[in-house]
């Protein structure tokens, strides 16, 4: 046997010692081979990273932490030929950004609803002021622009109309303003078909000063139009007023109101005095809040009188630097009108005003 041949060079070794030597030699050889293999793989990996950067994608749930530490790079984003990265498991996925969501990514509270209240008129009566004032109330959300749905855009449908509205909570009122509704023949029926419970707000003003204000606004946009006197009369010497001119026709409030009373009871229509809105804004807004069935949140503390513009403005909120006042287009200086023309128009409007007072049960004292 071999140990006898080897044993010639020295005394024989015990069997146990030979086994330990064999095991140690084998272990040392395996360790060397493994180390060489790992070094080789590491070198190949480094060369691949230097040649073409690649990123690990789509880690499994069990390996996310490990890959997060060893991930070689962050991709700039998928190319047109490259599929998007798969979404993370549902439990770890962030909430999707929805249309109309806030900056934090969570959906805005509330629902878009059809308006429960409308400011339907009248043009140049003070409707913008009422809208801006009532928007201060926490229980009212109002559309800032005039959608003209019931006069110009009715064919777009109620779903389109609803999509324009601000989101509201169950306890809030949705409101919009379009002054031309009051003189639109089809508007009362269309609003009734939307909801017979709709509350209507009408801001009225002395029809003569309203017509002059209307003309002043038009003149600022079209300086070449005829004079106010020329547009107001078909024959001034005979005192024949041209009721086809819209600035005159709008002020015939009793005539337009008849169309509304065919569909809505007087209790659902609230009339605001444009004159009192200037002299006592808190009082007029208090009555509007009562009509809408909401708390009297807007009071005297919310207003101050702007002497330059000649009407009240909202006091500045704590979060802003400047007071909230209507824009430059509001509070224009009216054009000078011949006093005789004003007297003729007052006489023309007198029977309409009296009938209007009797119908609504209020005396606006325009005579």
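Cβ atoms are placed via backbone N, Cα and C, with glycine included.
Annotated range for transmembrane segment in Swiss-Prot, selecting from 20-39, 40-59: 20-39. Here Swiss-Prot gives region 'Disordered' for one range in the set 66-115, 116-165: that range is 66-115. In the three-state DSSP scheme, residue 235 (N-linked glycosylation site) falls into the strand class. Around residue 333 (3'-phosphoadenylyl sulfate binding site), the same-chain residues at least 6 positions away in sequence with a Cβ under 8 Å from its Cβ are 216. All protein chains included, residue 213 (3'-phosphoadenylyl sulfate binding site) registers 22 other Cβ atoms within 10 Å of its own Cβ.
Neighbour counts of Cβ atoms within 10 Å were compared for the glycosylation sites 193, 235, 306, and the top value is held by 306.
Using a 10 Å radius centred on the Cβ of residue 128 (3'-phosphoadenylyl sulfate binding site) and all shown protein chains, the other Cβ atoms total 18.
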